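Enquirer: Below you will find the structure I want to go over with you.
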Amino acid sequence: FGNEAPCKKREDYLEWPEYFMAVAFLSAQRSKDPSSQVGACIVNSENKIVGIGYNGMPNGCSDDVLPWTRTAAHRLDTKYPYVCHAELNAIMNKNSADVKGCSMYVALFPCNECAKLIIQAGIKEVIFMSDKYHDTTEMTAARRMFDLAGVIYREFKPKCNKIIIDFDSINSRPSQKLL
């Protein structure tokens, strides 16, 4: 307005898909699992986040008491019977009445148990970063169920390899005068 020089918007901002996958990855940093940190972010059609989760022990179950190991003589002495996956936690921690028609951004392709939850919750799209367990029975079953239920799944193709969060940057930005 007036004599001010035109100011263009930033062009290096995060687009929605990168933002949502980054939220899933940031959420994964809350996981106490020493070998696998997985996060999930549920988004509605208005690009609003309605659920976030990461892999961890169930509420009320001490993560100092239950095991975090992947291998042991007895399966009960591993993490597998106890850990809640990121997808389960994102659905259970939703801040919306339901997640029907939503999309889920998740670091790893969901297992068969999470696929059941995703389908039952009405989530219609799964965007994943890695499918490194693609050939396992669990992932094959998950894809089969997604196909039958009409859940779209696709690999996330990031436009950048890294997002840096610099907590100091807020202090280095030039201040703006308010008129």
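Using N, Cα and C of the backbone, Cβ positions are placed for all residues, glycine too.
Automated prediction, rather than curation, is the source of TrEMBL annotations.
Worth saying up front: this structure is predicted, and the values here are computed from it rather than measured.
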Enquirer: For the Zn(2+) site that TrEMBL assigns to CYS111, CYS114, which of HIS74, HIS85 is also named?
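Expert: It is HIS85, as the record lists it for that site.
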Enquirer: Using a 10 Å cut-off on CB atoms, tell me which of the recorded positions HIS85, GLU87, CYS111, CYS114 is the least crowded.
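Expert: Selected from the recorded positions HIS85, GLU87, CYS111, CYS114 on minimum Cβ neighbours within 10 Å: CYS111.
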Enquirer: Expressed to the nearest Å, what is the distance separating CYS114 (Zn(2+) binding site) and GLU87 (active site, proton donor) at their Cα atoms?
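Expert: The separation of the Cα atoms works out to 6 Å.
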Enquirer: Quick one: mean pLDDT on the domain 'CMP/dCMP-type deaminase' (15-146)?
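Expert: Within the domain 'CMP/dCMP-type deaminase' (15-146), the model's average pLDDT equals 97.
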